[in-house]
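> Quick one: structure below, then a few questions.
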Protein chains: 2
Amino acid sequence: MRKERGLLIVLSGPSGVGKGTVRKELFSQPDTNYEYSISMTTRKPREGEVDGVDYFFKSHEDFEQLIGEGRLLEYASYVGNYYGTPLDYVNETLDAGRDVFLEIEVQGASQVRAKVPDGLFIFLAPPSLTELQQRLVGRGTETEDVIASRILAARQELEMMNLYDYVVENDEVQLACDRVNAIVTAEHCRRERVEKRYLAMLEGEY
Amino acid sequence: MRKERGLLIVLSGPSGVGKGTVRKELFSQPDTNYEYSISMTTRKPREGEVDGVDYFFKSHEDFEQLIGEGRLLEYASYVGNYYGTPLDYVNETLDAGRDVFLEIEVQGASQVRAKVPDGLFIFLAPPSLTELQQRLVGRGTETEDVIASRILAARQELEMMNLYDYVVENDEVQLACDRVNAIVTAEHCRRERVEKRYLAMLEGEY
């Protein structure tokens, strides 16, 4: 019987928002039911980092060869090193019917959106909206500068989140994880998706 | 500050699928964070039923007057009695920023879809897909008649679910409730919805 292809879940958001913390918390929970896609990098392993666990460590030459062969779903260079997502692992896992989870920078996420438009794109946002609201309400206790900088930050986030399907505020790590899990559960219940399962079963056999 | 309008959540599905059981279980959980919309009916209260708790009990004349005044979000007649959803309660609760939950028949749901296209429509499905799969796999142990009737049921469900955003299989009441809650949580994280919150806040003040 044909296996339903898994869901590609992309968690991204501005630097410093806590993507890594949320991802680690998600994968420390026993009932998390998706596969973490390990990134590839040319930077040297740090003390305690294990190849194939923390990263796939590659030479510059090997990394550039993979780029040339189109075998990276996304990549970027940062402080002289490459970071990227190997395409083969992602495709094999999705084909086996498992959901794959990527935690990547916004530039990478925009490359993935272009290649996998039906992925599930989640923007992790700082609790700026809540903070902004409190600051606007608490006016007079805040300087105009502080308020203005929060408004600017909110406008920038608003622009960045444009490519995404969902926005999760990272007010508290556990709450953010609960929301990510709820989004994945809901996505599996989307009518179009369930319809496909019905049709595959009915047409696969008759 | 402007209050964000609540979400209208509609749970429906074929007769006998267990809508009432799922709804009762949802509202027996202390963290369920939406309001149940009590239906209006012309049938007589049964032993122990309380007006304004189980139903709003109305006379035929009053009900027909409300129909005439367009004050029902949906209604149907069943075995000589009217059943319907009072519009005022729904609108007032949504305007107060609270989510409203309706548990109604499929005919009613289709009336609501026409009036509130941006509602959240959840189709509760019998575990027919899982059963069908098991029966197709276990072929030879099932008569052709049993298999044919499951396939027919699956085709009928497929047609009914067309108007809905999500499909929740009622394989187990608690699992079905968890999925409904996940869908509501996810819906509140949809980018379009969060974007509106950002814009309302930014534009409301500047």
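One is the number of the first residue shown, and numbering goes on along the chain from there.
Glycine is no exception: its Cβ is also placed from the backbone N, Cα and C atoms.
Sharing the features that TrEMBL gives for it:
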type	residues	note
DOMAIN	B:6-185	domain 'Guanylate kinase-like'
BINDING	B:GLY13, B:PRO14, B:SER15, B:GLY16, B:VAL17, B:GLY18, B:LYS19, B:GLY20	ATP binding site
> At 10 angstroms around each C-beta, which of the binding-site residues B:PRO14, B:GLY16, B:GLY18, B:GLY20 has the fewest other C-beta atoms nearby?
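It is B:GLY16 that, of the binding-site residues B:PRO14, B:GLY16, B:GLY18, B:GLY20, has the fewest other Cβ atoms within 10 Å.
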> Inside 8 A of the center formed by the CB atoms of B:GLY13, B:PRO14, B:SER15, B:GLY16, B:VAL17, B:GLY18, B:LYS19, B:GLY20, which other residues of the chain have their CB, for the recorded ATP site?
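The surrounding set, listed in chain order, is B:LEU124, B:PRO126, B:ASN170.
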> Near B:VAL17 (ATP binding site), which residues of its chain come within a Cβ-Cβ distance under 8 Å, counting only those 6 or more away in sequence?
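Non-local contacts for B:VAL17 (ATP binding site): B:LEU124, B:ALA125, B:PRO126, B:ASN170.
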> Which one of the binding-site residues (B:GLY13, B:SER15) has its C-beta surrounded by the most other C-beta atoms within 10 angstroms?
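Neighbour-count leader: B:GLY13.
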> Count the Cβ atoms, other than its own, that fall within 10 Å of the Cβ of B:LYS19 (ATP binding site), considering every protein chain shown.
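Result for B:LYS19 (ATP binding site): 21 neighbouring Cβ atoms inside 10 Å.
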